[in-house]
Amino acid sequence: MESENKNNNKKVKEESKVKVKFITNDANIRVTDTPIAVPVRLGRLGLSEVIHHLREEENETSKPFDFLINGKFIRTTLDKHIKNANLSEEQIITIEYLEAITEPKREKECQHDDWVSCVDGSNFGLVVSGSYDLGVRVWGYDGELISTGTGHLAGVKSVCWISDKNADNLSFVSASMDKTLRVWNFNKSQSEIKALACLKEHTGTIESVYVSPDSSRIVSASMDSTIKLWSIKDIPNQHATTSSSIEKSNSKKRRLANNTNNETAAVDQQSEIIHNITESLASVTVPNSQGVTVVNWTTQFQMLSGSMDSKIRLWDVSTLVANDTIPTPAPLTDLDYSMESGLIVTAHKDRIVRIWDPRSSDETKSQTQSLISHKTWVTSVNWNPSSKYHCCSTSHDGTVKYWDIRTKIPLYTIDTLEKSKDKVLSSSFISNKNKNINDYSIVSGGTDSKLRIHYNDKQEQQQ
């Protein structure tokens, strides 16, 4: 009899349950929010089966979900998670669920003649890439090469689309080791790239270029320790001719384009007429920076920079004064700002991805999280444009990692260069739908001279 009681007690313990209420922001997968009792031994897969049962989806039980309690992912059993979070099993626990993001299964490789150092997929369904082969290229969402532009005299380090309401004539800017910026026109109907202007004032390699949210200005950062602002209004559009007068701004006054001491017309390697601009709108030297590696915008009134002196700086655009400086533990190689959350994600030489809240008044608390998974130097970071939680990172370890900042473990890792010792240098998000986080795929480039588009499985199913 005593043995039977022990077995019964053991059985009761194994079947301990807790009352939970499931909630989601996705109406397509919503179930009843009436509290139900579930075994505390369940983990992510067991809870996924519960959701499928409530939705009466017997044929979709293999599709996993992710679950969060108070904003923290469940990565153990319910029992362990509840204890670690100091929650009570006597109360009803609210569990948020969402479709799990899985590793892309399809990939398109796009060959270059040298390292692919930079990519930008922010223009609807198009990717622009820059390479150490001196060229810039525009690719379609399907990985088809549309056009190539040449003119730089050294490797291209950074590229950025310039938003344009004209859907046929687009433009983008590139930055190079030849110390110049070039602005290009891309005519979609003619599948043709033409150079519009060459911006010359930096005295060192230009590491980063970015366009303001209102597409009125370009900011560039260089190893010469300067940040420069350029007015897009000063750059002739695709219809300009050699005889047109081009107005140029600077911080004190405006001069006409026929002043050949400041601007002249020149012919590049493709025999296209381009316009040399030799004075920026404004410039600032970042003292003791050891070189500025990256620039970005928060709004059209504020910029961000990262540098080799391990500091993030927030700049007032109107004065080019750094209103705030955030010290970091290691030199910065890249950063990105989230319009959704107001957070900054940074890449560092010490292999760590870090998340910062620039709104924090205490600089020791402004770092909200460290994401540690890469084995060596992190080269690029990007926020998913439609999510306050998701970002990607690339590294010299040959991987692309996709993160949800509510957990310290990557949602998935793409080993892009598993058969070689090549490095991943750059990344961006691309979409041809632009609706939500599931409509974005990742594009990356590296030292194997290939651009890769890692297609989001859910987006592919919607094509």
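Just so it is clear, glycine is given a Cβ too, placed from its N, Cα and C backbone atoms.
According to Swiss-Prot, the protein carries these features:
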type	residues	note
REGION	16-99	region 'Ubiquitin-like (UBL) domain'
REPEAT	111-149	repeat 'WD 1'
REPEAT	151-194	repeat 'WD 2'
REPEAT	201-240	repeat 'WD 3'
REGION	241-262	region 'Disordered'
REPEAT	287-325	repeat 'WD 4'
REPEAT	327-366	repeat 'WD 5'
REPEAT	373-413	repeat 'WD 6'
REPEAT	419-463	repeat 'WD 7'
Residue numbers, six or more beyond the limits of the repeat 'WD 2' (151-194), whose CB comes under 8 Å of its CB atoms: 114-115, 117-120, 122-123, 126, 128-136, 138, 200, 202-211, 215, 218, 220, 222, 230, 232, 235, 237-238, 268-270, 272, 274
Positions whose Cβ lies under 8 angstroms from the repeat 'WD 1' (111-149), at least six residues beyond its ends: 155-161, 163, 170, 172, 174, 176, 182, 184, 186, 191-195, 270, 385, 425-432, 434, 443-447, 449-451, 453
Tertiary contacts of the repeat 'WD 4' (287-325), as residues 6+ beyond its ends and Cβ separation under 8 Å: 204, 207-214, 216-217, 219-227, 229, 331-337, 342, 344, 346, 356, 358
Helix, strand and coil residues within the repeat 'WD 1' (111-149) as assigned by DSSP: 0 helix, 22 strand, 17 coil
